[in-house]
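Per Swiss-Prot, these features apply:
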ACT_SITE  Asp106  active site, proton acceptor
BINDING   Asp7, Ile8, Gly9, Asn10, Thr11, Arg12, Leu13, Lys14, Thr134  ATP binding site
BINDING   Tyr97, Gly104, Ser105, Asp106, Arg107, Thr184  substrate binding site
Amino acid sequence: MTLLAIDIGNTRLKWALYPSAVPGSEPVAHGARFLETIDQLGEAEWAGLAPPPRHVLGCCVASDSVRHRVEEQLELWDVAPRWVVPGAAEAGVTNGYDHPMRLGSDRWVALIGARARVLAAGARRPVLVVMAGTAVTVDALDADGRFLGGLILPGHGIMLRALEAGTAGLRVPTGEVREFPTNTSDALTSGGNFAIAGAIERMHRHLQQRCGEPPLCIVTGGAGWKVVPALTIDHELIDTLIFDGLLTIAAQRG
């Protein structure tokens, strides 16, 4: 059962073709495109996929129009895509959001992927799931797979653009992360980086206090590599967490 897994974010589309819906399996092909160029997928990367996908499962946080553009590219094969919609529970994770369907599908899928990884490692422990991209989410999962809640904060780029738009004289080149910045470029870059790291570490403390044991911290997303150098807590950087979740969901649904 070949599976095409699709992750449509705010900026990019990422995809991976798997020989079967088995969690932990390796893709036979994968790629990524900025949303501006997704109309070329059917004539480019996807045109030569072999074997062709028998099933398509994806999550999308972009607009309906973007999703429809992707569906047009999927007409290359006679297969109807399924899009993940968060619910009350799935694949061992219970949704604690006040309105479960309003949780972002990417957050939901990442939580399921994180839970699957923890169980595959033979552990039952709380997990803090960080997705760093255009926005940053920091979500708490207890040892029983209950999603307790989480944070949404602006990503580093949004922070800098907001400061540039609202403050005179701050249109400066990107700086470096320094403990004690001595110029405006470094001050802006360090400030954004430390703000995100601080939110992550505070939620880590909250989750440890709630569960009575140190949680595992998993960082994913296109900007994850920018975040982890500032963290003082133990963490893992896992680029494939969304795909881990999609594989787990596909395996559960059959």
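Each position is counted from 1, following the chain as shown.
In case you wondered, yes, glycine gets a Cβ from its N, Cα and C as well.
Shown in sequence order, Leu35, Val61, Ala62, Gly133, Gly222 are the same-chain residues outside Asp7, Ile8, Gly9, Asn10, Thr11, Arg12, Leu13, Lys14, Thr134 whose Cβ sits within 8 Å of the Cβ centre of the ATP site. The Cβ of Thr134 (ATP binding site) has 17 other Cβ atoms within 10 Å, all protein chains considered. Comment: substrate site residues Tyr97, Gly104, Ser105, Asp106, Arg107, Thr184; largest CA to CA distance 39 Å, whole number. When the Cα of Thr11 (ATP binding site) is compared against those of the recorded positions Tyr97, Ser105, Asp106, Arg107, Thr184, the shortest separation belongs to Asp106. Between the alpha carbons (Cα) of Arg107 (substrate binding site) and Gly9 (ATP binding site) lies a span of roughly 11 Å. Each residue contributes its Cα atom, and for the residue listed as 'active site, proton acceptor' and Asp7 (ATP binding site) these two points are 8 Å apart.
When the C-alpha distances from Gly104 (substrate binding site) to the binding-site residues Gly9, Leu13, Thr134 are tabulated, the minimum falls on Gly9. Put simply, Ser105 is the one of the binding-site residues Tyr97, Ser105, Thr184 whose Cα lies nearest to the Cα of Leu13 (ATP binding site).
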